[in-house]
Amino acid sequence: MASGKATGKTDAPAPVIKLGGPKPPKVGSSGNASWFQAIKANKLNIPPPKFEGSGVPDNENLKSSQQHGYWRRQATFKPGKGGRKPVPDAWYFYYTGTGPAANLNWGDSQDGIVWVAGKGADTKFRSNQGTRDSDKFDQYPLRFSDGGPDGNFRWDFIPLNGGRSGRSTAASSAASSRAPSREVSRGRRSGSEDDLIARAARIIQDQQKKGSRITKAKADEMAHRRYCKRTIPPNYKVDQVFGPRTKGKEGNFGDDKMNEEGIKDGRVTAMLNLVPSSHACLFGSRVTPKLQPDGLHLKFEFTTVVPRDDPQFDNYVKICDQCVDGVGTRPKDDEPRPKSRSSSRPATRGNSPAPRQQRPKKEKKPKKHDDEVDKALTSDEERNNAQLEFYDEPKVINWGDAALGENEL
């Protein structure tokens, strides 16, 4: 595991770090998005929101005099087969003097703007809080200590101890492997003659047959959550989730076969036996914190010891030889095999199937590509949509949780 990487360079000062939970940074940003997640209308054509309390999201970083701003409506559209399709409005909060309506004074009348202020707010003050760079910071979870919007609106619950994506995480895991020895001798239970990789592959197949399922949306969430919490969904390559494989630095585990097959490669499940749990990584590692311009980097150094008398010792060594700095290589036994005939007898009239009568093929109408549909959206609408999450019809994927570290071999 490796230390977090900066996602971009900026001249802005680094945000003040508080380890008690995520909070909007005290400094401005070069982005143009709201610091907070949106409230979403439950259906189309809903009137502007009304709030039980002040309507200002909780932000402990600001003084009470600075707690004022506006909610702005964003009409959003979703690409569809017949063109763009309207979806219920989203409303985003900005502090006075920031965001798309930065030129307005508090209380100025404008369609799609709802002004709000907390108790003791000085509405003549124009905020220097700025707006969010969505490539560097997650949306901050909405909390209203004095009452939120009316029942026509909702917002997705985000726990305070983490964000949804890996773009803003400053702490990622880095681990090599040397630590208090874990029990890796469970292989003795089934006998040393049982091949480790074959058993790992069987675990995945058995779990998939049991019908454990996740939706397309869930698979996408697994692959794009905070970097240090990601897992590889089915039908994803390793580099789609954790970036390209490298040599001699972070991200150096996995050969080309493992990268292509992802969790279908039995070697993945086998090696997850040696990967520390979250608690083991935290309390059994050498933890090194380091403040960087983009945030706090945490490095975890952990060692797992496989005893030489372990029945699967040779298999673990073999996998490491193949996969450590393995980019650009494949296992020697992973050669494509020619397809063989089901029978060694030559095909004759007596044993050959009769040719089927060929039906004329129907001409298929060309499908409308997504990029053609996307052209129906303006640049402003595409930017608005980028801040929202759409809920597509679930595409069911058969999935087993064996490769997520829950099963020991």
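Cβ coordinates are placed from backbone N, Cα and C, and glycine is handled just like the others.
Here is what Swiss-Prot records for this protein:
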type	residues	note
REGION	1-32	region 'Disordered'
COMPBIAS	15-31	compositional bias 'Low complexity'
REGION	29-160	region 'RNA-binding'
DOMAIN	31-156	domain 'CoV N NTD'
REGION	46-68	region 'Disordered'
REGION	164-196	region 'Disordered'
COMPBIAS	166-179	compositional bias 'Low complexity'
COMPBIAS	180-192	compositional bias 'Basic and acidic residues'
MOD_RES	S190	phosphoserine
MOD_RES	S192	phosphoserine
DOMAIN	215-331	domain 'CoV N CTD'
REGION	226-333	region 'Dimerization'
REGION	238-258	region 'Disordered'
COMPBIAS	247-258	compositional bias 'Basic and acidic residues'
DISULFID	C320-C323	disulfide bond
REGION	326-409	region 'Disordered'
COMPBIAS	358-367	compositional bias 'Basic residues'
COMPBIAS	368-384	compositional bias 'Basic and acidic residues'
MOD_RES	S379	phosphoserine
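In the structure as shown, the Cβ atom of C320 (disulfide bond) sits within 10 Å of 17 other Cβ atoms.
According to DSSP, the secondary structure content of the compositional bias 'Basic and acidic residues' (247-258) in residues is 3 helix, 1 strand, 8 coil. Residues 2-3, 5, 174, 223, 227, 230-232, 265, 267-268, 271, 322-331, 334 of the same chain lie 6 or more positions beyond the ends of the region 'Disordered' (238-258) yet place their CB under 8 Å from a CB of it. Applying DSSP to the region 'Disordered' (46-68) sorts its residues as follows: 3 helix, 2 strand, 18 coil. There are 23 other CB atoms within 10 A of the CB of C323 (disulfide bond), with all protein chains counted. The helix, strand and coil residue counts that DSSP assigns across the region 'RNA-binding' (29-160) are 3 helix, 44 strand, 85 coil.
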